[in-house]
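Inspection log for the structure reproduced underneath, given as structure tokens.
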Amino acid sequence: MEGEESNMDSEGFCMDGSVDLKKRPVLRSKTGRWKACSFIVGYEVFERMAFYGIASNLVNYLTTKLHEGTVTSSTNVNNWTGTTWITPILGAYIADVHLGRYWTFTIFSFIYIAGMVLLTLAVSLPSLRPPPCPANTPVCKKCSNLQHGIFYFALYVLALGTGGTKPNISTIGADQFDEFDPKEKVQKVSFFNWWLFSVFFGSLIAQTFLIYIQERVGFAVGYALPTLGLIISVAIFFVGTPYYRHKIQKGNPFARIAQVIIAAVRKWRVKVPADPNKLHELDPKEYVAKGRFPISHTDMLRFLDKAATKEGNATSPWRLCTVTQVEETKLMIKLLPVWVAMFVPGTVVALVPTLFVKQGNRLDRHMGPHFEIPSGCLTSFVTMSMLVSIAVYDRVLVKIFAKFTGNPRGITILQRLGIGLVIHIMITVTATVTEYGRIRVVKEHGLEGYPKAITPLTVFVLLPQFVLVGLADAFVETGKIEFFYDQAPESMQSIGTALYATTLGIGNFINSSLVTTVAKVTGKEGHTSWILDNLNASRLYYYYALLTVISVLNFVFFLGVSWLYVYKRETNEAFSSSHKHSQTASTVKCVAKDANDSREQSQNQQKQSQADVSNVIEGISG
């Protein structure tokens, strides 16, 4: 067996079942790792520049060009942003069940480009937007139904396109690292930090250069440049195609989960055997042959074990499931409480491109006598804070924490998320205090009745809350994507990544609903509404205080969830546990033997890759 191991090492096939686009095993030395990820990171820089070139200043376009009010424009931005973060569920499903990640990404990239082109036309052609407001009058011509329809149709085509790219690009990136190679496993931990770094680097370009172009040159040029950036980003991705590793599709994850739940409910009276070895499970040889890995039994959510409990001659997948399928379902269910706890930070983040930017419009944005900061550029403070925070965290804090904890991540993922949630509470507290101070100045100068009046305060009073948002993102957003990818079962990692995206989407929808509801409820019976089109007459600090209370309650909920959460065992640890018995070890040897059977050259390569996995299993078990 030592000779076989030496031969496999010299071949250097990936041991996690990775293949190329033609389903052939790939060599570690020629594919994946940072060589492949450099194209993915390059794509992400240009794509995020394109996306945030639209998203960061959208509320100002709706207000100044389409003549929408504060509540309407904020609601529309939140709804659109929410949609762009919800559609990844669709993209993940198509990737996992039908097309695979690469081809799903490819098709939806062209939909994305089509949406950007339509949007650029909508802001460029005079017939597709209302005329400018007359000078010295608050009365503006409303946007026609046709103009409104074309603009929002283009926006939502764009949102559909991002639904197929968002959940797959980060997962494709993480797939470039072999879990069974110790060096690559460490690199994978760092990948999520630097992938998000590229996201915010592209965002910074959009929130400074592109928004300045939109405000000073015009939205036509300001939208054409992001469209060009998106086309460049897709081209960069395709250039890296020969270097990418791909994972074989594992079937319909939603159907597998449904089968477990239905089978368990059907057999609710059946007693689960005390010995987990008596539960239904396939021969490990069958998993390895399909490029998959069995998952060992755990004692959590024992009711679902009924799905794997044998009953008579039942063989239907809707009555009898494997232990691995049951454990996959358990892993996904375990993610849900953490997923729910991430809705509130998503709600707070949704404030940045809407109400925070609106606040900036009512403050003095001058730097010197000749330069005024475009209000949309204020979001760049978040991005700069995020970039610095990620770099410091990855290069400094992880090493310091690791010395005390022994954890290669420095701290656990849930600890990282918990720190981020504390910072989110600080954000809403800071925003409450800052807005209360601004309104006091407004009252002192008698500006409450003047909607467009500028408060005699520098816009830099908002800097602390913007910087805190960036710091929080370094902990929460990076931690979220790593958590949902890492803790999802291997066959459902696209769905796990989509769960990360949906937390932002749901957060935007919550903020949209809260803004609309609070504006209506607090304005009843002659009271001054907390949120008005005239921010100088609003009481926005009450809304921020409400979000502070919600954030504190959410943090308490998260602490309870974290206390009860049990991390998923690493794949190799699961193998070590499940392959200790001689019978299982014998089965694995059979897989290694099968790898040497005579076949066609491409099939023989596939078997050699499977034998690589078998050797690793034996090494861990032995």
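Note: Cβ is positioned from N, Cα and C throughout, glycine not excepted.
Curation plays no part in TrEMBL annotations; they are all automatic predictions.
As annotated by TrEMBL, transmembrane segment applies to 102-123, 192-213, 219-240, 335-353, 373-393, 413-433, 453-476, 497-521, 541-566. The region 'Disordered' feature in TrEMBL is assigned to 592-622. Residues or ranges marked as compositional bias 'Low complexity' in TrEMBL: 601-610.
The stretch from 192-213, 453-476, 497-521, 541-566 with the most CB pairs below 8 A to the transmembrane segment (335-353) is 497-521.
Within its own chain, the transmembrane segment (413-433) has Cβ neighbours under 8 Å at 338, 341-342, 344-345, 348, 351, 356, 464-465, 468-469, 471-480, 482-483, 486-487, 541, 544-545, 547-548, 551-552, 554-555, 558-559, 562, 565, counting only residues six or more beyond its boundaries. In terms of C-beta pairs under 8 Å, the stretch of 102-123, 192-213, 219-240, 497-521, 541-566 lying closest in packing to the transmembrane segment (373-393) is 192-213. Relative to the transmembrane segment (541-566), the listed stretch 497-521 leads the set 102-123, 192-213, 219-240, 497-521 in CB pairs under 8 A.
Between the transmembrane segment (219-240) and the stretches 102-123, 192-213, 497-521, it is 102-123 that has the most C-beta pairs under 8 angstroms.
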